[in-house]
Amino acid sequence: MTTFYTVVSWLVILGYWVLIAGVTLRILMKRRAVPSAMAWLLIIYILPLVGIIAYLSVGELHLGKRRAERARAMWPSTAKWLNDLKACKHIFAQENSSVASSLFKLCERRQGIAGVKGNQLQLLTDSDDVMQALIRDIQLARHNIEMVFYIWQPGGMADQVAESLMAAARRGIHCRLMLDSAGSVAFFRSPWAAMMRNAGIEVVEALKVNLMRVFLRRMDLRQHRKMVMIDNYIAYTGSMNMVDPRFFKQDAGVGQWVDLMARMEGPVATAMGIVYSCDWEIETGKRILPPSPDVNIMPFEQASGHTIHTIASGPGFPEDLIHQALLTATYAAREYLIMTTPYFVPSDDLLHAICTAAQRGVDVSIILPRKNDSLLVGWASRAFFSELLAAGVKIYQFEGGLLHTKSVLVDGELSLVGTVNLDMRSLWLNFEITLVIDDTGFGADLAAVQDDYISRSRLLDARLWVKRPLWQRITERLFYFFSPLL
């Protein structure tokens, strides 16, 4: 019996080390950033069982077998649709400004289509204005409405949007609603999901959270887009979830969330529509390719129209494109660069690009919320401040609530707005969307919004920052080490 237990013990020990060696080899064989690989290896060696379980759960990008098969199957038809769209030459911009040229070329070569022109674009910074505009557009819809949000939180004006959407479905408008399972858990636990389905709305719970399948798909891979398309002509996107800030996370101690949304009319709605159709097919298996733009109903040739490129990320979409776009935009800056984000945990490449811009004379400003709803990200962000300040970057800490706007403005002409945070999760993992706008008029509008944020912020003093307590420095470095995993 003693011999039996001895053999079993040695087999367990051998299996234990084989498992660690196997996971180590898997990490080393994956083409990932060195800091990320080192962080995972350290966790596995310090807390082997916890580290191995964590890595197998969230260490690699698993979309799930069924969704991955759908993603592969949809691309032939999607590629054909994009190729057919190129025949609509009147919607594509032939030239771009000098500051935007490189970025638009990158997007065209990676995604297969050029930026689209002739769009009307409006910035909305007040949640009530967003909701009211959306309700009006829903009430005037004639054919179809598609929506996707990370969070839909019942309460306040979000309920009025829900009522208007159900009314549209009852009068024959084809309505589709896709919501992230984790972000919209309150919605799916409320009566609203059943009420909408009973009204005729197709409601899809995207990327369902299921602990039984934790090793088959990454549970932290989320549908983070916020998009609305109406009649293939009107579109919305930006940082705002379908929530009323007066009711959302009031106990978090960070104040009301401050967001920005863009309302558009024109062919950009078609470009966003193909992104939605891909998401819908990956999640449901149903193909809903949007129609090509109709020149008879869309004012493409208006002189005041904006040129917009749509960048989508996530499994099944061009890998690393949003990260490349941010790097390209940063290196294109010659005069000034302003960034706003609630979560700042940049890649080494992006951090160096930002610092280099400041060191070559560009006026670089980053606006972050002073109080953050994520303790981990809040501390990790602070670990980058010293390097940024030393390079000459101005860091503004917003004090008017949780600044949730994601925006980049380069030289007053090139703008990026959308759902992408400047953190690892948005850059490498989630389903995200960003608009790239080449227009001085829109740049002036965005600059006014960012100036308002700065007026409600406190400029971080580099001299005081270096005098912060030792315990804060230690905490920052601890979270900085794990920043590649956040």
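Along the chain as shown, residues are numbered 1 onward.
Glycine is treated like the rest: Cβ placed from N, Cα and C.
What Swiss-Prot records for His224, Lys226, Asp231, His404, Lys406, Asp411 is active site, and it gives sequence analysis as the kind of evidence. What Swiss-Prot lists as domain 'PLD phosphodiesterase 1' is 219-246, and the listing cites sequence analysis. Annotated domain 'PLD phosphodiesterase 2' per Swiss-Prot: 399-426, in sequence order. Under the heading transmembrane segment, Swiss-Prot lists 3-23, 38-58.
When the Cα atoms are compared, His224 (active site) and His404 (active site) turn out to be 13 Å apart. Note: the domain 'PLD phosphodiesterase 1' (219-246) comprises 0 helix, 11 strand, 17 coil (DSSP; helix = H, G, I, strand = E, B).
Taking the Cα of His404 (active site) as the reference point, the closest of the active-site residues Lys226, Asp231, Asp411 is Lys226.
Looking at Lys226 (active site) and Lys406 (active site), their Cα atoms lie 12 Å from each other. Just so you know, the Cβ of Lys406 (active site) picks up 24 other Cβ atoms within 10 Å once every protein chain is counted.
All protein chains shown were included, and the count of other CB atoms within 10 Å of the CB of His404 (active site) stands at 24.
Asp411 (active site) and Asp231 (active site) have their C-alpha atoms 34 Å apart, to the nearest angstrom. With helix defined as DSSP H, G or I and strand as E or B, the domain 'PLD phosphodiesterase 2' (399-426) counts 3 helix, 12 strand, 13 coil. Long-range neighbours of Asp231 (active site) (same chain, six or more residues apart, CB within less than 8 Å of its CB): Ala141, Arg142, His143, Asn144, Ile145.
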